[in-house]
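Q: Sharing a structure here in structure tokens format.
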Amino acid sequence: MKVYLLRHGQDTLNKRGGWSNEPLTSSGVEQIKKAAHLLVDVKFDALLSSDLLRAVETAAILRSILNLDNVTYCRELREVNNGLLAGMGNKIAEERFPDLYWNTLKWDEKYPEGESPKEFYERIKQYWNRIIKENDNERSIMIVAHSGVFEVIQNLVYGTEYSNKKQRYKIKTGEFVVIELNKYD
């Protein structure tokens with residue numbers, strides 16, 4: 001099975017992301033068009049996408065350019081639920097929640113009205129395991145989601161320990177990586 005992890009295009013800058021519903025910028029739209037043109041020769045069996053606006057808009061562009069039948073929108077593929085900080089401007093967030101960042105949370109500590117690193121990891125792990133279980137080796141799947149989601153997935157694939165304290169695998173906005181998996185029964 002080939003899995004293409006494509007990070008959504010650039011969205012509105014200088015805000016805390018997470019569960020915010022920010023649209024793509026014009027640069028973000030162009031990033032996705034460029035990525036799509038690199039993928040025109042790939043036959044995708046499924047397109048899965050986070051249901052947050054920046055990913056939905058990304059998936060719509062891909063669907064159009066790549067002539068894909070449909071998109072499955074998945075709440076499970078959302079970025080970390082950063083609760084009250086979602087979509088908040090960086091300056092305001094720093095004033096209201098000084099020094100509160102993803103990499104400062106303890107494993108079981110939640111964002112205010114959000115989720116903890118542990119809850120986020122478990123959510124993505126469960127969904128990833130379902131994707132693997134439900135698909136065979138011959139399929140090509142595109143997943144449109146977020147940096148944090150792909151960090152968890154890549155740690156699972158490569159057998160490295162996930163931590164919210166350090167990001168190992170970086171995918172820039174509008175870029176993708178390909179993971180090839182072989183399932184053995």
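Cβ coordinates come from backbone N, Cα and C, glycine included.
Below, the features straight out of TrEMBL:
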{"type": "BINDING", "residues": "Arg7, His8, Gly9, Gln10, Asp11, Thr12, Leu13, Asn14, Arg54", "note": "substrate binding site"}
{"type": "ACT_SITE", "residues": "His8", "note": "active site, tele-phosphohistidine intermediate"}
{"type": "ACT_SITE", "residues": "Glu79", "note": "active site, proton donor/acceptor"}
Q: Gly9 (substrate binding site) to the residue listed as 'active site, proton donor/acceptor': how many Å between their Cα atoms?
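A: On Cα coordinates alone, these residues lie 14 Å apart.
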Q: Taking 10 A as the limit, how many CB atoms besides its own sit near the CB of His8 (active site, tele-phosphohistidine intermediate)?
A: 28
